[in-house]
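Engineer: Got a structure here, written out as structure tokens. Questions coming.
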Amino acid sequence: MKETIRIIGIDPGLRRTGWGIVESLGNSLHFIGSGTVTSNAEMDLASRLCQLHEGLSKVLHEFMPHEAAVEHTFVNKDATATLKLGQARGIALLAPAQAGLPVTEYAPNAVKKAVIGVGHGEKQQIHMMVKVLMPRASFDTSDAADALAIAICHAHHRQSIVSARRMQALLAG
């Protein structure tokens, strides 16, 4: 018998971290919620990371997802910005792990391919397909829409991931 799995997708960012929650039952997806957690740019880095952690922890506590998916970050020419984004990504991995959730990471191209069918696409295409796949989905920011796309990607890939984890457990035990 299939079970409903609640998934949180997280799109890390230091200014805004998007989150999106979907429920997956077999091949059907249902929108649960989405939003952003923000940090105050006037504050020091440690305080901003704390704000992101507290905000994500509240979302996790409120919606009680079963699994989490986080997008890999890309490296750009600005090393300082890349490092700060990496630290925000660390928070995006830490918060669900602290809540006891299995966390899976996806490359941006994998997310695009899962949602629009190709690994290279525009944000508008992704946002449109999120609405096609889940007509009741609502999102106020691009970050929240991207987070929903990450959750959708995980819903599409999770069965093979679950099977691989079971196989590893059997081989280890």
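Going from the start of the chain as shown, residues are counted 1 onward.
Note that Cβ sites are derived from N, Cα and C of the backbone, with glycine treated the same way.
Owing to the predicted nature of the structure, the values given are computational and were not obtained by experimental measurement.
Taken from Swiss-Prot, the feature active site covers D11, E71, D143. Sequence annotations record features per position, and here Swiss-Prot assigns Mg(2+) 1 binding site to D11, D143 based on sequence analysis. Taken from Swiss-Prot, the feature Mg(2+) 2 binding site applies to E71, supported by sequence analysis.
Where in this structure would I find these features, and how exposed are they?
Structural biologist: Annotation for D11 (active site): spatial neighbours T17, G18, W19, G20, E71, D143, A144, D146, A147, I150, criterion Cβ-Cβ under 8 Å with sequence separation of six or more.
Secondary structure from DSSP puts E71 (active site) in a beta strand.
E71 (active site) is surrounded by 24 other CB atoms, counting those within 10 A of its CB over all protein chains shown.
Counting every protein chain shown, the number of other Cβ atoms lying within 10 Å of the Cβ of D143 (Mg(2+) 1 binding site) is 24.
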